[in-house]
């Protein structure tokens, strides 16, 4: 996948900006606060229908303005053109058109433009709350597996209904009967989600080991998927997983009624990251944690290509600020051999064949 052009108006601190990246590496450079990251966020909007920081569209609207627009053009590896147009105003909410057809559901667009990002704020994947790690794995899988996306949305709806029932003041007999129905529905979808996640992590970890060879010290990376199945985590048979879930919910029933929330399921699962069998969050330096996340993003690029047949666009925000120059340079060179890479930095980076865009004066150039 390749971004051919993008124009943004009243987006973050940009009144109007037009950007045409190169086919390989493009370095967006400029002073801090000049809006480099905003360009990447606009591209991310076109790929995943939201910015880096989530679904609060209002925060991307330039102060004092009533509407922001993003217009972009992409070309797939098969030469298929895709045009994405996004408008947002607090009065009319967000509208997304793909090839001039308005999306009825934003989720239907996920996977059309595969995209891998690295931003400093994503360090929360390593050292933040479990929800951040679940978001990483869900966003990755949803870009190539539409059934998983559908299952995830259905699971969230059933979970919301089940939590509402647990919090209701209805007759206990009514709650008990309805709870059995919702639990059966939740177990069926939860099993599908857990199986896909486990298979993803298993293959992803094997690929991560190969990518990690370019990082110094020859460390051995691994990822552990922690599910609410407890000591049954190694199960891969659907019927057995369903049985364990049913037993788990039966055991937790009184606690759930008391706490008024669902206490088991994929929404409570987590990932643990290791280097040489030592948990990264506890024992690794900040530099090692950052390098591990970068390696994960490199792995994800290859994984999405393998799963979908389309090379993702790679967006790297402020990659060089805290990462070893050799490691970051190797990463960029490796990614560039596989697709389009767009990087932000405060200073212009040297490199053969790199395209440049100065966000301070909106000028483009290219190294010979």
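Quick reminder: no glycine exception, Cβ is built from N, Cα and C everywhere.
Going by Swiss-Prot, these are the annotated features:
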BINDING   30, 31, 32, 33, 34, 35, 36, 37  ATP binding site
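DSSP assigns residue 33 (ATP binding site) to coil, not to a helix or a strand.
For the binding-site residues 31, 36, counting C-beta atoms within 10 A of each C-beta gives the highest total at 36. Residue 33 (ATP binding site) is surrounded by 8 other CB atoms, counting those within 10 A of its CB over all protein chains shown. Using the Cβ center of 30, 31, 32, 33, 34, 35, 36, 37 for ATP, the list of other same-chain residues with Cβ within 8 Å runs, in sequence order, 344, 346, 359, 360. Taking Cβ-Cβ distances under 8 Å and a sequence gap of 6 or more within the same chain, the neighbours of residue 35 (ATP binding site) are 12, 13, 14, 17, 359. Listed in sequence order, the residues of the same chain lying 6 or more apart from residue 32 (ATP binding site) and placing their CB within less than 8 Å of its CB are 346. Residue environment of residue 34 (ATP binding site) contains 18 other Cβ atoms, counted within 10 Å of its Cβ in all protein chains. The Cβ of residue 30 (ATP binding site) has 19 other Cβ atoms within 10 Å, all protein chains considered.
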